[in-house]
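Participant: Before anything else, here's the structure in question.
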């Protein structure tokens with residue numbers, strides 16, 4: 001970092017002038033040349049002449065990592081397909097269920113019917129539309145979108161909270177009251193840190209201008225998520241119809257019981273969550289090991305040193321050799337999400353039965369599990385980037401990620417980043433809008449099966465899940481770029497001074513210890 005002169009032990013001053021955030025940072029020519037791979041560890045972090053292929057970066061060993069979890073993932077997916085085929089094959093034989101668009105008071109009274117199928121299809125369409133709109137807004141705006149998203153999230157939480165209090169949906173009202181208060185406090189605590197995060201987003205957005213494959217991968221993943229959501233929706237509804245006692249299919253020789261319904265629904269939800277997680281994380285790894293990682297280590301495409309078809313090569317690695325490792329990390333989050341959903345159902349049941357103490361305990365447990373899940377998801381994102389860049393197994397990637405967080409001095413920067421929180425809030429808002437749409441649709445169409453409101457909670461939950469997954473899949477394309485820059489900053493900080501000088505200058509003035517060269521351990 002010869003272009004930098006420390007003005008004091010705790011502050012850096014850039015020699016090229018004061019940093020100003022801008023929508024299109026100027027990228028200086030790269031100093032990297034693509035030499036043949038060399039042994040990992042040479043040169044340390046102090047120099048800027050290391051090969052982009054250092055430590056098997058972009059050229060990992062051709063071996064399948066974490067094969068046990070790859071087998072488990074394929075097995076559960078096959079199991080879901082088998083259950084789906086069995087339930088859907090009998091779905092058309094359950095005639096007379098009725099229901100449709102609107103279907104006020106029509107349809108069978110025993111269980112979910114075609115009304116819910118159409119409702120959740122509408123929800124999927126709404127999730128697709130809202131997610132695409134949010135991505136386009138994020139693409140068009142940077143700093144403003146952070147303020148707007150946080151403010152709208154606060155207003156949305158308050159509005160939903162008030163609505164649930166007015167309609168006397170007590171458990172949801174209490175939860176959204178807590179969420180509304182938290183979102184207000186979060187905004188006031190983080191607004192002063194928005195300039196740095198917005199400049200980081202501007203750099204990522206500028207990179208995507210030259211890599212249309214980023215949006216192709218993101219929208220492809222979104223289409224897959226939407227198709228999976230529709231498939232999951234039909235399978236869940238068909239399971240209700242086929243195995244609920246009193247359903248017309250029970251008269252066709254099918255063994256029906258509530259236990260069978262609950263068991264199948266839990267497994268289908270588990271499979272849906274795990275598969276959705278894997279799709280999103282394969283997308284993240286593809287982009288991190290493809291356009292964003294190549295931009296950081298090889299320089300912009302116009303410099304002519306970037307490998308041919310980096311996105312496609314990264315996708316092949318992520319979907320084959322590293323799929324087991326991605327499934328491993330995704331399984332951890334899936335289990336936590338499933339536990340949180342079960343606690344949510346327990347809280348709703350306790351609230352409906354008039355047991356406030358049990359409902360409060362379930363709410364506290366749900367919040368605790370949610371915090372753990374968020375921390376694991378945040379950590380996993382950086383582990384997937386290590387997997388994408390170096391082809392490491394999950395455990396090795398997790399260890400190196402933890403070492404990077406603690407030993408390389410970038411934990412303050414990562415914890416201060418608003419990018420992930422902004423995108424997560426956006427996905428959360430999309431999920432809430434989808435769940436609110438489902439709730440209003442049920443309330444004003446009055447399907448016969450929901451006369452007493454007994455199916456409101458699961459339908460609203462499914463709607464939120466569908467909207468959330470759609471939005472998170474799209475936003476993962478942006479998070480991939482942001483997180484890849486963070487990893488590159490921890491490993492080779494001097495490269496960022498070449499790629500995006502204004503961003504490096506702001507980071508240096510805010511976190512001087514982050515951009516110092518740290519010897520490799």
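FYI, residue positions are counted from 1 along the chain as it appears here.
Yeah, the Cβs are placed from backbone N, Cα and C, and that goes for glycine too.
Sequence annotations record features per position, and here TrEMBL assigns compositional bias 'Pro residues' to 26-39. Residues annotated as region 'Disordered' in TrEMBL: 1-20, 26-47. The transmembrane segment feature in TrEMBL is assigned to 68-92, 112-137, 144-166, 172-190, 214-234, 315-339, 418-442, 454-474.
What does the local environment look like for each feature on the list?
Facilitator: Sequence-distant contacts of the transmembrane segment (144-166) (same chain, six or more residues past either end, CB-CB distance under 8 Å): 137-138, 172-173, 176-177, 179-180, 183-184, 186-187, 190-191, 194, 197-198, 201, 418, 422, 425-426, 428-429, 432-433, 436.
Long-range neighbours of the transmembrane segment (214-234) within the same chain, counting only residues 6 or more positions beyond its ends whose Cβ lies under 8 Å from a Cβ of the stretch, are 84, 88, 91, 117, 120-121, 124, 127-128, 131-132, 135, 207-208, 268-269, 272, 275-276, 279-280, 282-283, 286-287, 290-292, 311, 315, 462, 466, 469-470, 473-474, 476-477, 481.
Long-range contacts of the transmembrane segment (315-339) within the same chain: residues 60, 62-73, 217, 266, 269-270, 273-274, 277-278, 281-282, 285-286, 289-290, 369, 372-373, 376-377, 380, 383-384, 387-388, 391-394, 397-398, each at least 6 residues beyond the stretch ends and with a Cβ under 8 Å from a Cβ of the stretch.
Outside the transmembrane segment (418-442), and at least 6 residues removed from its termini, the chain residues within Cβ reach (under 8 Å) are 119-120, 122-123, 126-127, 130-131, 134, 138, 145-146, 149-150, 152-153, 156-157, 160, 163, 183, 186, 190, 193-194, 197, 200-201, 378, 381, 450, 455-456, 459-468, 470-472, 475, 478-479, 482-483.
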